[in-house]
Structure formats: C-alpha cells, structure tokens
Amino acid sequence: MANDGAAKATQRPKPEEEDPIELSVAAEEEDEREQLTATSNLHYIQPTFISLISEKQWKPDVERQSDGPVYGRNPMTTILTKEAHTNGARMQLIMSILANLTVLSSGMGLGYSAITLHALTSEDNPMRMNSSQASWFASISSFACPLGGLVSGYLLDRIGRKLTLMLINVLSIVSWSLIAVCSVTNFDLMYTQILIARVIIGIVIGLVSAPASIYSAEIATPKMRGRLTVLTSLSIAVGILLIYSMGYAIPHDFRLVAGLAAGVSVLSLVLLFFMPESPAWLMSKDREEEAERSLKKIRGYGAYSQRIPEVEKELMRLRDNVMTQRRAGQESFLRLLKQPQVYKPLGIIIGFFGFQQFSGIFVVVVYAAKVSSEAGVSMDPFLCTVLIGITRVVATMMVAYILDTLGRKPPSIFSGVGMLVCMFGLALCSYFPPIASLKWIPTVLILTYIFTSTLGFLTMPFSMLAELFPQTVRGPASGVTVFFTYLMSFFTIKLYPTMVELLGSANVFLIYGVVSLLGVLYVIYIVPETKGKSLQEIEDYFRGMSHGSTPSQEVEEDEVSDLSSESV
C-alpha cells in the first residue's frame with residue numbers, strides 16, 4: 001500500500017492543472033494521513049503543495065541500500081534532507097548561545113568579589129574595607145537575588161523571553177558602570193555606590209537564570225534540550241572565568257575590571273536584537289503568524305513562505321497547549337500550586353538547590369582566593385582562581401554531553417561523592433598540614449571539588465529547572481525556585497567568614513562534606529530522571545500518569561530530533 005501511495009503521489013497532475021481549493025483539501029488530507037505513519041526522513045516541499053513522504057513508508061519490510069537523499073524525482077520539488085535538520089540544530093544552538101550571553105554578567109557578578117576583596121581589604125589601600133564591610137560586599141548581591149527571581153516569573157509571562165533578557169542586560173550595564181565610575185576620594189560614597197551596584201547585579205543574577213534556560217528548553221527538540229539547557233550553567237562558568245582572568249591580569253584596578261564587564265553586557269544586548277522570540281510564548285499571546293516565523297527560523301527553514309509539515313505539527317501542539325490552559329481557566333499560581341504536577345517538582349527542585357548551596361559550591365566561587373589560602377594552597381591565589389574558572393568551564397562543557405548520554409541522576413551521584421571526598425580531604429589537610437613535598441594535595445583537592453561539583457550539583461538543578469514545570473506555571477514557578485535558591489545562597493556566603501572564625505576552616509569543610517553526602521542520598525531517592533522524556537511526559541509523571549506506549553507527541557518530536565542530533 002505504501003508503494004501504491006507513492007505511485008499515486010508521483011502521478012498526480014501538476015498543481016496548475018487542478019482546482020486550487022480541491023488541491024488544498026487533498027493536500028491537507030494527505031498530510032493528516034502521513035502524520036500518522038512512521039518516522040519520516042525525507043520531506044518534499046513543492047511550490048504550491050506539500051506532501052510528507054518517507055522511503056521507510058514505501059518499503060517498510062525491505063532493507064534499503066541507502067537512507068541518503070533522493071534527487072531528481074520531481075523537477076517541481078525542493079528536497080529538504082538531513083542538511084535542513086543540521087541547519088535547524090545549528091540554529092537552536094546559536095539562538096541558545098545568544099540568549100545565554102546575558103548570563104555571562106551573572107557569572108561575572110558571582111566571581112567579582114573573589115578578585116577584588118584582596119585589594120579592597122589590603123592594608124596598603126587607604127580606602128580599605130573592614131571585615132564586616134567586605135562580607136556585605138561579597139554577600140549583598142545574593143541578598144538581592146531572590147527579588148530578581150520573583151520578578152523574573154512575572155516578566156517572562158508579561159513581556160516575553162527576549163525583552164526580559166534585554167532588560168537584564170540594561171541593568172547589568174548600569175551596575176558595572178556604577179562600579180567603574182565610583183568615587184576615588186570619598187570612601188563612604190565609594191562604598192555606597194559599590195553596594196548599590198552589587199544589589200543591582202544581585203537582581204540580575206536572580207533574574208537571568210530562568211529566562212535563558214526556559215528559552216533554550218522551549219526552542220529545543222527533545223534530544224537537543226539537555227545540551228541546550230546546560231548552556232546556562234556553561235555561561236555562568238565562562239562569566240566566572242572571564243572575571244577571574246581579568247582580576248589576574250588587572251589585580252589592582254577593580255574599576256577597570258568593572259568597565260570591561262560593562263562592555264561584555266553591551267555586546268550581549270546588541271546581539272539579542274538578532275534573536276527571535278520564543279514560539280511558545282508568542283502562541284500564548286495569540287501571535288500565531290509571528291510564532292510560525294520564529295519557529296521556521298529556529299528550525300532552520302529561514303524565511304520559507306510555504307507550509308512545512310514539521311512546523312505545522314509543532315505549531316498545532318503549541319496551539320493545543322494554549323487552548324488546554326485556557327479551558328482550565330485563568331487560575332492563580334497559588335491555586336495551581338495545589339496540583340501535584342506543580343508542587344511536587346517545586347519541592348524537589350528547591351531541595352536539590354538547597355543541597356547545592358549548603359555544600360559550599362557558591363562559597364568557593366565567591367571566596368575563591370580566600371578559600372584557596374585557608375585550604376593550604378601554596379600557589380598565587382589569583383592564579384588558583386583562574387585555574388578554578390578553567391576547571392569549571394571544562395567540566396560544564398562535559399555536562400552537555402553527559403546530560404544526553406548518562407542522564408541527570410548518575411552524574412549528580414558521582415558529583416556528590418566526589419565533593420564529599422574532596423571536602424573531607426581538605427579538612428584533613430587543615431588538621432594535618434602536608435609536608436613540603438605534598439603541598440600540591442590541597443590544590444588538587446580544591447580543583448577536583450570544582451570539577452566534580454560542576455558535573456552534577458552545580459549544573460543539574462539549573463538544567464532541570466526548565467524541564468520539571470508545566471507550561472502554565474513555568475515562569476512563576478521558576479521565579480519562586482530562584483528566590484529560595486539565592487536566599488539560601490545569601491546565608492551561606494554571608495555566614496562563611498563567621499563560621500570559619502567560630503569553627504575553623506577544617507570543621508567548615510567537614511560540614512560541607514556531610515551536606516554533600518546527604519545530597520547524594522537525596523538524588524538517589526527523590527530526584528527523578530528526565531533523560532529522553534518529553535516535557536509532557538515529565539508533567540504526566542508528576543500527575544501520577546504512566547505511559548504504556550510512546551505518546552504521539554513524543555514520536556513526532558523525535559522524528560525531528562533524531563535527525564538533528566545526528567548532525568550535532
């Protein structure tokens with residue numbers, strides 16, 4: 001029957017010889033029949049009508065010599081093969097990178113205190129800060145982060161993903177510029193300006209985590225989603241490395257470093273003009289034509305004006321999601337919070353972030369040079385911070401591969417085990433300082449801690465943030481999660497100097513190691529695996545629904561992503 005269908009398709013009269021209305025109806029009926037068939041590898045797009053045909057459909061039981069493209073079957077036909085899907089994968093990657101350039105400022109904000117505290121508290125500095133002022137300088141950005149997290153959910157749904165990212169860049173430019181031009185003669189004025197700037201950058205850190213990862217998740221095909229959502233963590237790592245490198249190159253001029261960071265934010269803002277808005281958000285605002293144009297661009301079809309089966313099916317799914325949400329009514333977030341597909345993932349992801357924060361990951365980022373000295377690292381603390389930044393970037397790049405091969409849970413378990421071993425090792429080095437020939441041990445331990453933490457506990461919660469929540473609450477739920485995450489971050493960063501003073505660095509390292517151990521148990525027994533699951537399947541999992549067979553939506557999405565992933 002498949003061969004007969006193909007023969008009929010080739011014998012069909014030319015479009016100009018048929019009635020346009022009848023032709024359109026026939027094409028739509030053919031599309032509907034073909035959407036129910038097996039996976040399609042070859043798509044034939046004709047100037048006036050579209051048919052979706054697969055060689056696998058023609059000969060399902062016969063082994064073919066080649067799955068390559070077929071040329072010359074019809075002179076009226078434009079053949080879109082795997083090359084088009086390669087373009088789509090490339091476009092998804094490029095658009096996600098553009099969105100995540102905004103996150104660089106977040107990483108630079110997190111690492112800025114690590115490279116400036118030494119100069120700002122130096123005895124040689126006539127405008128130096130005391131220990132209390134320095135701790136506020138380091139932690140006040142985390143205190144402001146929860147506000148950004150809450151506002152982020154509102155902005156995502158109100159003005160969209162793209163405009164939210166552009167607004168974040170504007171705030172970043174204001175913050176870094178304020179530090180760059182702060183007073184050089186009046187300490188009180190300088191300190192006030194710096195604290196205001198740190199509050200603004202804290203709001204930026206809270207704002208930026210959700211929009212970039214949500215945008216990446218919404219434009220990605222299922223098999224691309226893991227490697228795209230991890231770009232947020234990679235951008236944070238790159239931002240930290242950038243600011244550490246600037247601090248190493250310009251150790252005594254924190255104003256110039258801030259000016260360079262402002263320049264990075266300006267570049268990010270300019271490049272965002274070339275990024276299309278999320279099709280999912282556009283569809284939710286009844287801007288269907290814009291959603292179609294955006295989706296075509298993201299899927300690699302550019303400005304192609306004709307209907308495309310893959311795009312039509314994806315738009316139909318987006319439209320169905322919007323209609324489902326509207327039929328459910330405009331319920332408040334607090335009422336939706338009572339639903340298991342909302343409160344279960346919210347509790348799980350906040351708990352995961354809790355173990356991330358209280359295991360000392362962000363403390364090491366913010367106090368990198370100080371922690372290195374307290375751990376007994378003998379090399380230049382600024383050089384050590386650069387090595388920490390490089391290690392984090394390398395590990396985060398590995399996560400992009402690990403997410404799509406090993407999933408979320410195995411790397412997180414390995415990460416937690418590595419963290420607790422390293423923290424217990426650092427505690428032993430503090431109790432029993434190594435002899436001269438073994439001074440390299442603390443350096444290896446702290447770099448290994450950075451490496452293993454990045455493979456799981458640092459990156460996995462951020463990558464899962466965009467996966468776990470239903471579309472109806474993705475914005476506000478992500479905002480609430482970021483709020484609690486950075487609230488916990490503020491307490492861990494602000495209390496670290498006090499904990500070291502009261503308990504000693506060795507005992508603090510032991511505490512972080514115990515928390516890492518508890519985090520491993522949490523991942524094993526509580527955190528779900530989302531590898532290979534569609535967003536709808538994840539939502540149904542928390543509802544308590546099981547999928548005995550593969551949902552049609554997932555099949556359709558995999559038809560596209562199978563080809564995309566092969567070319568990446």
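Residue 1 is the first one shown; counting continues down the chain.
Cβ coordinates come from backbone N, Cα and C, glycine included.
Positions annotated as compositional bias 'Acidic residues' by TrEMBL: 16-33.
If you look up TrEMBL, you'll see 95-531 marked as domain 'Major facilitator superfamily (MFS) profile'. Confidence in the domain 'Major facilitator superfamily (MFS) profile' (95-531), given as mean pLDDT, stands at 83.
Summarising the annotation, TrEMBL assigns region 'Disordered' to 1-35 (among others).
The region 'Disordered' annotation in TrEMBL covers 546-568 (among others).
As annotated by TrEMBL, transmembrane segment applies to 93-115 (among others).
Residues or ranges marked as transmembrane segment in TrEMBL: 135-156 (among others). Within its own chain, the transmembrane segment (135-156) is flanked in space by residues 109-110, 113, 117, 120, 129, 163-164, 167, 194-195, 198-211, 214, 281, 362, 366-367, 474-487, 489-490, 493-494, 497-498, which lie at least six positions past its ends and keep a Cβ under 8 Å from the stretch.
Residues 99, 102, 105, 109, 127, 152, 155-156, 193-194, 196-198, 200-201, 203-204, 207-208, 211-212, 215, 254-256, 258-259, 261-262, 265-266, 268-269, 272, 275 of the same chain, all 6+ positions outside the transmembrane segment (163-187), place their C-beta atoms under 8 angstroms from a C-beta of that stretch. Marked as transmembrane segment by TrEMBL: 163-187 (among others).
Under the heading transmembrane segment, TrEMBL lists 193-216 (among others).
TrEMBL lists 228-250 (among others) with the feature transmembrane segment. Outside the transmembrane segment (228-250), and at least 6 residues removed from its termini, the chain residues within Cβ reach (under 8 Å) are 92-93, 96-97, 99-112, 114-116, 209, 212-213, 216-217, 219-220, 256-257, 260-261, 264, 365, 368, 382-383, 385-386, 388-390, 392-393, 395-397, 399-400, 403, 454, 458-459, 462-463, 465-467.
The transmembrane segment annotation in TrEMBL covers 256-275 (among others).
Positions annotated as transmembrane segment by TrEMBL: 346-369 (among others).
Annotation source TrEMBL lists transmembrane segment at 381-401 (among others).
Annotation comment: TrEMBL describes 413-434 (among others) as transmembrane segment.
The transmembrane segment annotation in TrEMBL covers 440-465 (among others). Counting residues 6+ beyond its ends, the transmembrane segment (440-465) has Cβ neighbours under 8 Å at 209-210, 213-214, 226, 229-230, 232-233, 236-237, 349, 352-353, 355-356, 359, 361, 364, 371-372, 375-379, 384, 387-388, 391-392, 394-396, 398-399, 402-403, 408, 411-419, 422-423, 425-426, 429, 434, 478, 481-482, 485, 516, 519, 523, 527, 530 in the same chain.
Among residues of the same chain six or more beyond the transmembrane segment (477-496), those with a C-beta under 8 A of the stretch's C-beta atoms are 135-136, 138-139, 142-143, 145-154, 156, 202, 205-206, 209-210, 213-214, 333, 342, 345-346, 349-350, 353-354, 356-358, 360, 362-363, 366-367, 461, 465-466, 469, 508. According to TrEMBL, the transmembrane segment annotation covers 477-496 (among others).
The transmembrane segment annotation in TrEMBL covers 508-527 (among others). Listed by sequence, the residues of this chain that lie at least six past the ends of the transmembrane segment (508-527) yet keep a Cβ under 8 A from its Cβ atoms are 348, 351-352, 355-356, 358-360, 363, 375, 408-409, 412-413, 416-417, 419-424, 426-427, 430, 456-457, 464, 496, 499-500.
Pairs of Cβ atoms less than 8 Å apart link the transmembrane segment (413-434) most often to 346-369, out of 193-216, 346-369, 381-401.
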